[in-house]
Structures are given as structure tokens and as C-alpha cells.
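Feature annotation from TrEMBL assigns signal peptide to 1-20. Taken from TrEMBL, the feature transmembrane segment applies to 544-565, 586-612, 632-652, 707-725, 745-770, 984-1004, 1010-1028. What TrEMBL records for 879-898 is region 'Disordered'.
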């Protein structure tokens, strides 16, 4: 499978010779102005400074005119002047002396041929048609005294204008010099002149060829990849190609007749131009000739002697099993030691359309149509480094430069080789996406075993679409996508299969190319197709993905199991069978479980690739291909959708809890009316401001989070952009290399998600271990505030489950002066007061409460009348059995309302502050009495004998939120952690919100590939969610506690 370097170069040089101008990179001065010459030493154009000199015929430097005397400095031998010889004479070949012409020279005798004659118009000696000037005897070499003329051989001619001193062979085989014109012409009847200046062709072979492939048919090319302004494929275009008509007759005739190497090279190039269309004339003739050849090159059956290797045929299986002998590594040290290869070396052999080898060069950036810094453009050759480049290519300048016959030099065909460890060349196959067989694309399906691999390719073509030599192309073609894929072999560390080039050609009609497309227009309109270059290092991951699939199935099973446990716990807590109310929690728990599992699944995979790919020196693991990227992004998007739905549901549930602020404060006395009649005295009023204050604090706690999103985003941007850690995601195997490159989607998610978790986790840990313990815990402060306000909070987040925050003060009154408040606090600090908790000598103030059916029914009957603006009939003083006939009976009185804000439009100030109706306020007071009596275990509450029990639950039951046994008929208060009640606020949703933040950022980052945009979108989503939560929470709090919204600041 290898081609020795020396053998390859000798073979390539023999096929056509290397064009020296191609290596020099000089355009022959064709770009200089008229009358100027190109000076290679200065790499610039200029005028000829030597008097009498003119630009050379090839434009490189200045020379004396033909026939003029070259005057040189005797010391330096530098040319100082060009002078015309005397009349009747002309300079010798090197211009060092002048000799007389034969005319008028009666003393001389012609010894080599005939005497030359003097031409007064040109000022030099001239010869008859077909003769060349000589100054030495052709046999003896002795100098002649006069210029003589000698006839050239039949197969050569003389260019008397530029070089009258030498005979030049006719450039075309089968041509002879015309006696009349002195020019070369085809020697009939054996040879005939081909069309379009294609040279002399063997008459018999050309006649047979013309019969099978008429000129119009042979020159026709069908372009089936025409892209329109929208980038879609339009209708095929077929045209008669000037280039095909010029080269096909001679190439097909000579290659068929005697297998001429250069002609077969040209014929193969014409076949490549048709994208290997087996129905084209060029490919049919080439395949016919190849099938008749018996010998092959380097053991490849498809590589015939004196012919280019175009297709692999059945060699694909051999390609799969063959391994390059070199061992490749991620370590520069191993390459320096000579034990492995770190930088892969490729060689490109370039051919012109006529089969001439124009270059054999190491690959640097020749395959990349996108402009890029050379240091970045060549990084893809570093083993394991994936590179992706995409840009918009402006085709109109290419079309404009294609005018004229010289444009065919811009068309170059390439054969690519990988240099192995022993210096041998390994051919690199090409998988052309445009290749068709029987009218169908064969290289676009998922199966690679039926692919047709080729060898030769082109990157740009602005010539084949021309209808005439001087015209502009009707069709322009470029390589829209070129991907070099290197696959690690299954067995052996650091061993690879031969690389593979995936190539896709796009075509544009010349009429659609804009003359001046705006530079900021990055779309496929106006002849600006998006072109891509990509290097991919991968490996066969079949076994890996099989293991991943098994692991994914296990994770899904765990997610479903956890979902079922949560549903079971919900049923137990709500003491109900499956019904319509079950659908919401069922879907929400499913979304939450799936979002959680899918996120960690994708993150674990991404982190695996980041760690094992970046930290390896010996090659074991390579990144998966882009198809895996798409699948992982799809899973991540699914996780995001599930997590978003789960968070929205949890937000809704938090904003619709049943909440009541229980005021324990009692009147300080009675108020005697003005008449002084003590019998009409009423209890003193209790201030409502404590309730307003607690409601406002509760409202502020609704969207409080454990982490600062703004601080997290600023830190994340600093790490990613300020410290360039975003370049940890570049697909090159080194953690320390932060060279700016296009990131890998999987690695970028691993980096950003890890930083998110690190920053979020650090904040949560710092808050839990330091701030909450030694400085300030807002939830603990809120519970303390409840005790100072003598208010408890009763919350039911589900029908039979909720939280109770015991805020009953240990003092008789809390609506006191500052001096008395300080006195009370000092007593508590000095241990002179009993503990604040519920129960004797208890310090526990936060409980998870589970209520019974009778309690919930009684609570609904009382509480529902308040929240729905109904008046309340007495219920707090009667037992459950005596309330079965009680129902809501009276609407709120006219002019009342459930909130102060409903009267805001009233004209008077009294109306603007008139709140709920008297009936509603009375009902509110009775609910307060109902709950306070329940906590005090008064017999009027449900379960008169016990009311409720305070008991602990097993840790597993608390973890799974499974309620205690309610068979004893009493409510249960389960002592809970000080922050357990935060489950009804964002504080308790921290982990779910953090995952949502990460996924919002990640999905946005996949779309925009921009850290700043991703951070902005994440902040906007969080802000929107916070606004929604505060708005819904305020509405709920106003309705359930009768605290006007305007007090919630």
C-alpha cells in the first residue's frame, strides 16, 4: 500500500515534467506594464536602463534586440549599451561581434549553406523560409566570415523574429514544416488537424473517435449541483465546454492509439472535471483504455501503467484493513525522540489540465479556501487536533480572472499522499459527495461499504464552464466542503488507517454572481457560498456507544423508578386515588426526573471526552464525529425542555399555596366608649402592621436564591474570556494549549457546565458553611422575626401537606415599646426566658405538617370563604360533626372587595383605603381563631382528644417525602430543619434552577457560540422567571392573606 518517495517522483516527472515556472512562482512578467520588464532580484517591474535594450521575450529582465551588438564593460562584463551593427551586417548569436551578410560579399564563398541577405527594415541578416542563421561551420565548427543560412529539418521550424539562430522542433507530433510558409502543419493523410487548435491527430483514430463521440457530445458537461441564491440545488445545466472541446480529441486519440502518458493524464483530468460521470465521453474513453491495460503500478489493480489512478474500485476493503506503519502520538517529546509522529506530513502532487506535473509540495494551507493565520491553518496536521473553518467565498473575482485562454493555468488537479514513518507515500483516497452511478448519488448514505472512492480532485474550476477561449465562465465551481478524516485503528495504540478526504463541490451560475456583494453579507446569495474545511480525528466507537446505550438505559430505569416513588409519595401525602388532579404532578415529576437524568448523562459523556482526550499522551481516545455532536445536543435540548417545564410547574405550585398568617397577639385591654359605660367596652384593637411587615418579608423571600446569578455570570465570563479558558474546549489534545480555535461542541459544554457547577457549588458551600452559620441566614432571620412579631405562618403546598412556622412569642405581647422589646431580647439572650419552640422546653419552630381529612374539610370551609370573597358562618367553635350543614351563604357587601387595590379608583380618600368588607374581615379573624385553637389543642379543633401529634419520621421517609402513618386520626407535625420550608420558595428550588441556568446557557451557546450572548440570554430568562414568580406570588399572597399588593414592596 505504499509508494516509495523516489519512485513516485521519478514516475511523476516522467509523465510530463515539472513546469519550472510553477516552482518559481513567477508569472513571467505578464503583470508588468507595456515596455517594462520583471526583475527577479528585486521582485518588481521596471524600465530597461541599458541604452538600446528591450524587455526579454519572457518578460524577465532586459536584453539587446536580436541582431544588435552587445557592448559590455571589459572589467565587469556588465552590459553597458546595445548598438545596431553596420548596414549589411548583423550580430552573432551571443551579440559579441557583427558579421557581414552574404549580399554584396563577392569575395566570400558559402561553406555551410547559402548566403544570408540583409533586411534594411529590421537592420539584420535574414534567411529564406525554413532556414536558420549560422556563424560557424556545422561540421568543423570553424568560424565563418559571413552569416550563412542552413535549412532546418522537416520536423522543425525557425522562429525568425525571436530566435533566428536555432531550429525548433514542431510542438505537435505528426507536424512537418511547410515549404511555402515555413510553419508547422499536419502531415497528411496520416495526420489531420484537430478542432480548436488541439494539434495533429492520427487520422484513423480520430475518425473512429469522432464517430462514437461527436465533437458536440464530447465537449458537453452537465452541471447538476447548481446552487441558487437560497443555497438550494437548482435545475441541471448542460453546456458545450471550450476546454473539453480543446483537449478531449487529442487526449482521447493519443491515449487510445498508443497510451501516451501525457495524453492519458489529460484524459483523466477531463474525467475528473465531469465529477467522474461514467456516461461522459472522457470517462468512457479513459475506462475503456484502462480496462485494456494489463500492467499496474505499485500493486494497485486500478492504477494502470502510464495512466493516472482515478478510482479505488474494490480496494476499499483493503483500505479498511490496512494500517499506516507509523505510530502517532500526542507528545512532542516522542516525535523529537524519533519514536512516534506528532505532526502529520502530507504531500500534494499538482497537475495542469494538459497532464503536466506543476508541483510536488508539502501540504500547508493549500486545501483551505478560507483565509486564516498560517499558525492556525496548519494546526490540523498536529495529530488529534480537529479544526473547523467556515467562511463566505466571493466568486465574482474568480469569474473575472477566468477571461482569456491563459485562465486554464488556474485549474490544478491534485493527488494527495501521507508520508509514512519510513518516508514512503501512502495514497489518500477521496470520497466525492457529487459522484453518481446510474443517476444516483452513491457517497451520501450512512453506509460506507458501498462508497466509491477516488484519487484525483480539484478545489476550484473557473475554466470548464467557458464556451469560448476569451469568454467568461457560465458556471463556477468550488469545493464547498473538504474534510480530512483520520481514523484510529481498532487494534494498536497510535496506529491509523489511511486518511480519507470527504469532498463536496458546489456550482454557481455566472449570471448570479454579484459584482459588488457587500462584505457584511454572510449568506449564500450573490454568489457567496459558505465553504468549509474540517479535519477530524476519530475512531471506531461502536463498542463505546453500545456501553453508553446500556448505561443510558440504566439511568432511564432509575429515573422512572424515582418518578414512580415520587408519585407514590404524592398519592400518600394527598390521601387520594389517581384522578384528574393527578395529571399535573405526574407530568411534572416525569419532566423533572428526565431533565435531571438527561442532563447528567450528557454532562458525564462530555466530561469523559474532556478529561480522557485532553490528558492523554499515548493515543487511546479520539473525539466522536459531528453526528454524535448532533445527537448529544438533541438530548441536551430535550433535557432543557423537560427541566423548563418542571420549573414552570414548580413555580406555579409555589405561587398557589394556601398560606395564612396567624396572629397570636391579644388585646391589651378594653376600650370604654365616650359615655363611660363599661358594659359597652370593647377589646382594644390589635395593630395590623406586624402582619403587613411579615407578609412583605415573605414576599421578598419568594425569589431569593442561594447563589448570585449576576456574580456567577460575571465570574464565568471572566474565566472564559478573560483567562481564555473557553479555549480548553478546542479539539486539540492538550489542556495547556489555549490557542484560539473553533471549539468542539461536546468539549465546550463540558467546560462551561463544569465552571457553572464549580461556581454554583462554591457559592452554595460558602453560604452553607460560612455565611449561614456565622453571619446571616435570611431564613433563620425570618423565623426569628416571626417570634418577635408574634405571628405564625401556616402553609399548605398540597392538599394534606405543608409547613407550619411557629412564631408565637413567649411573651404576652410583642406590640410593645422599644424599651420593652429590648428588655425581652436581653432576657432571652441571658437564658432567663423559656425556649421559643412549640411544646414544652422545645426550641423547634419549623415543622412539616400533615393534616387529616376532617381538618382539611373544616379549613376549606372557613378559609375558602375568605379567599373567594364569601362571608363566613361560624365554624371555629363547633366540632366537625356539627358543621356538616354549614355552607357559604352570603356574598360580600356592596362596595367591599378582597383587596385594597380594588377601591383605588374611588373618589374619596376613605374609599381608596377601604379594604375587604367587614364580613370578610370577620371571617379572617375566625380563621385565625380556628388555627390558633388548633395549635393550642383546644377541643374545638378536629380530633378533639389529640388535635395533632409531634413526631419524627425516618430519614428515608423524609428524603422521599413519604408522609407518616395517619391511621390514628390526628394531624402530624414533623420537626423539620430550619430551612425545610424553603421548598415553597426559589431558595428550595436552587438545584433545579441552577440546572436550568446551565442548560439555558448551554443551548444558547450551541446556537450562537458566544459567551456574552449566552450569559445575556441566561440572565433574561432568569429575570423573566423571577418577575413571573413575584407577580404570581404577590397575587396569591394578597388573595390568601388579605394584605394589599401595595404593601408588598
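Placement of Cβ uses the backbone N, Cα and C atoms for every residue, glycine included.
In terms of C-beta pairs under 8 Å, the stretch of 632-652, 984-1004, 1010-1028 lying closest in packing to the transmembrane segment (707-725) is 1010-1028. Residues 584, 587-592, 594-596, 598-599, 601-602, 605-606, 745-746, 749, 989, 992-993, 995-996, 999-1000, 1002-1003, 1006, 1025, 1028-1029, 1032 of the same chain lie 6 or more positions beyond the ends of the transmembrane segment (632-652) yet place their CB under 8 Å from a CB of it. Long-range contacts of the transmembrane segment (745-770) within the same chain: residues 602-603, 605-607, 609-610, 613-614, 623-624, 628-629, 632-633, 636, 706-708, 711-712, 715-716, 719-720, 725-726, 728-731, 990, 994, 997-998, 1001-1002, 1005-1006, each at least 6 residues beyond the stretch ends and with a Cβ under 8 Å from a Cβ of the stretch. Nonlocal intrachain contacts for the transmembrane segment (984-1004), taken as residues 6+ away from its ends with a CB within less than 8 angstroms of a stretch CB, comprise 592, 595-596, 599, 636-637, 639-640, 643-644, 646-647, 650, 654, 657, 701-707, 709, 712, 749, 752-753, 756-757, 760, 764, 779, 795, 797, 803, 1013-1015, 1017-1018, 1021-1022, 1025-1026, 1029.
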